[in-house]
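According to TrEMBL, the protein carries these features:
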| type | residues | note |
| --- | --- | --- |
| DISULFID | CYS72-CYS136 | disulfide bond |
| DISULFID | CYS85-CYS146 | disulfide bond |
| DISULFID | CYS116-CYS126 | disulfide bond |
| DISULFID | CYS253-CYS263 | disulfide bond |
| DISULFID | CYS335-CYS399 | disulfide bond |
| DISULFID | CYS348-CYS409 | disulfide bond |
| DISULFID | CYS379-CYS389 | disulfide bond |
| DISULFID | CYS496-CYS506 | disulfide bond |
| DOMAIN | 46-147 | domain 'SRCR' |
| DOMAIN | 174-287 | domain 'SRCR' |
| DOMAIN | 310-410 | domain 'SRCR' |
| DOMAIN | 420-528 | domain 'SRCR' |
Amino acid sequence: ATLHSFISCVSICRVYFQLLSTPTPTSAPTPSPSPSPKPVTDRLKVRLAGYPRKHNEGRVELFYKGEWGTICDDDFSITNANVLCRQLGFVAATGWTHSAKYGKGQGKIWLDNVMCGGGEKSIEFCKSRGWGNSDCTHDEDAGVVCKDERIPGFIYCIRLYNQISGLSKNVEEVRLRPVVAMAKKRLPISEGVVEVKYKDGWAQICDVGWSIKNTRVVCGMLGFPHEKKVNKNFYKLYLERQKNHFHIHSVACSGTEVHLAACPLEFSKPNATSTCEGGMAAVVSCMPGPLFMQNSGLKKKLKTSVKLNVRLKGGAKLGEGRVEVLKDNEWGTVCDDRWNLQSASVVCRELGFGSAKEALTGARMGQGMGPIYMNEVKCAGQERSIWNCPFKNITSEDCQHVEDAAVRCNVPYMGFENSIRLTGGRTRYEGRVEVLGSDSNGTQSWGLICGESWSPKEAMVACRQLGLGYANQGLQETWYWDSSNVTEMVMSGVKCTGTEMSLSQCQHHKTVSCQKSAAKFSAGVICSDTASDLVLNAPLVQQTVYIEDRPLHMLYCAAEEDCLSKSAAQANWPYGHRRLLRFSSQIHNIGRADFKPKAGRHSWVWHACHGHYHSMDIFTHYDLLNANGTKVAEGHKASFCLEDTDCQEGVSKRYECANFGDQGITVGCWDLYRHDIDCQWIDITDVRPGNYILQIVINPNQEVAESDFTNNGMKCNCKYDGHRIWLHNCHIGDAFSEEAERRFDKYPGQLNNQVS
């Protein structure tokens, strides 16, 4: 059974490597007529194509006789889909499609009337009319929907590359063994002897013919973007006194591989003596990225001097996220057509990480907003920036945000997870936070964190340090998780920005100071693999803005909900009016989990005047700021009713307010607050004419966890002449470059409303 699983995995991995390779074969051998054909993956490639689709679904295409073609949907079944999905590395199929749901293919229709039994290793072994024998058109192209779960080990197929290539050995794990005393104590380990896992121990690599390209690959695997020269003379003296076992005698990387196993390797023969004539054990030295440098001065200098034109958004862990690139001072996304490990590795190294572990497609890290700048990126792997790679410019027909590309990068091992743990929770994703500290004698022990001032940002860092994804909740009391004998508070006043790798990098009191020092008031977290991410449609605000002078007799309900400025209390009710700055708000959930109010429906507040329930006291803040950033007018919006007003194609609404319905915003949907509903305004009755900034912040108190809070705000330049109002430059908080944002804040205002 083990051998069968191994052969299966090798077959799947071969398909994987064929799909990743850049060159396309010009020919493919025809199927052997022999009764016992070789495994089909030796000669057949399968891929998913079409639009719109996610990474685990699409039109089925087969590469045969040097040409891509499709499968007709006649007699197609879920059994066929299961065979295809397993061949593509997914555990199973959840459905199949007919009538070219993912668009019509081109070229040949290779197979028709396909009927699988279910146990076939490949679609070729299923019954059919034979290759190229079909009476179908491309209107009948079949597609599959695979379960979004990989066959165990599939994403690590690269480690099996040498078996796939017909070699008898493989490289599973690689490490650097430091020999300098200081290097042993400090993480990350960036220099040392290269060792590969061998049997129950570790073996060395002979450095005869070792090149800087090999070093680049090893460094990339271990999370380092660059390689350095190493002092071989120092190591030679050390290694001569050591007993070495050489498992690999020759390595010949090109420098673009993402794993040592993908390089041509020569292993030592089983009965030969494991020596390295004319050489010694390979030693490498790597350059950590700015985030992992131990020299804080150099780290700060690099951070301020390097202006990056690429970033990652929406990832739970360090080194993963949706790829966004900067063009003309505005951030946009990358389309996933032809997105592969080479292009992903260029992004990872540019950001100070190692090579890429995964090149993700189908908006696996959430969908972006705004422009899509690149399509069909084709990096060789040596480029210094993704902007140096060949790519196609985008038209609206080419791509949509459901195809946003993402990456998971190799990052250096820092050991942060060893100094934090959760106790008392029902699952490993929740519990009271305990951290490992040392006393004056150097004795290590576990302790608690004071719950005062503990917020979602601190919880976000704790979950990241634990490797458990996003923070769902940060809790200031944990009496219900009292199962540990740890009772001493060892950390207080923790204040994080939310981007740190560990709690030790956050600000905190030098001496513990906690008013409620009992263990039940210690900090806790609930972590989650996914989180929501709310973003405002900035152009819609700009398009819908206007001023209304609304009579006071129509504002009694609004006054009851505190939606008017303080001076309204002194007005001569019901006579007179209030001047209101009105606009529409369309709030999208581009995350990977539904946005749901923190409070359960049992605690929602009924507002009889408006006839609705409030599930959140304050859902958005509306502010008008002057040039100094001082508020001159403000408004707020309670969760009038969180619901799915509309959704993207293929996404169903889940939340509806009517009849005390469930409230929330589904992933891929949006909630629209129209300009003509109560409290959808700022009361500017007391505001003088001038130049201002309109600022809108969603989920301002961060009551509900999100994957990214930097895009919750939106700002616009605003000119008010006492009669009319103009908005322009409306953008979400993280849409512009730092330089453009600085220019925005210093904006002097429009001099006139003439078109220049």
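Count begins at 1; order follows the chain as displayed.
Each Cβ is built from the backbone N, Cα and C atoms, and glycine gets one as well.
When Cβ atoms from all protein chains are considered, those within 10 Å of CYS85 (disulfide bond) total 26, not counting its own. Summarising the environment of CYS409 (disulfide bond), the number of other Cβ atoms within 10 Å of its Cβ, over all protein chains shown, is 28. In terms of C-alpha distance, the listed disulfide-bonded residues CYS146, CYS263, CYS348 place CYS146 closest to CYS136 (disulfide bond).
Taking the domain 'SRCR' (46-147) as a whole, pLDDT averages 90 in the prediction. Cα to Cα, CYS253 (disulfide bond) and CYS379 (disulfide bond) are separated by 17 Å. Rounded to the nearest whole angstrom, the C-alpha distance between CYS399 (disulfide bond) and CYS72 (disulfide bond) is 26. Counting Cβ atoms from all protein chains shown, CYS116 (disulfide bond) has 21 others lying within 10 Å of its own Cβ.
Here the Cα atom of CYS85 (disulfide bond) is found 14 Å from that of CYS126 (disulfide bond).
Spacing of CYS379 (disulfide bond) relative to CYS146 (disulfide bond) is 28 Å (Cα to Cα, whole number). The Cβ of CYS399 (disulfide bond) has 23 other Cβ atoms within 10 Å, all protein chains considered. The two recorded residues, CYS263 (disulfide bond) and CYS409 (disulfide bond), show a Cα separation of 19 Å. With every protein chain in view, the residue among the disulfide-bonded residues CYS348, CYS389, CYS496 whose Cβ has the most Cβ partners within 10 Å turns out to be CYS348. Cβ-based crowding with a 10 Å cutoff singles out CYS146 as the top-ranked of the disulfide-bonded residues CYS126, CYS146, CYS253, CYS335, CYS379.
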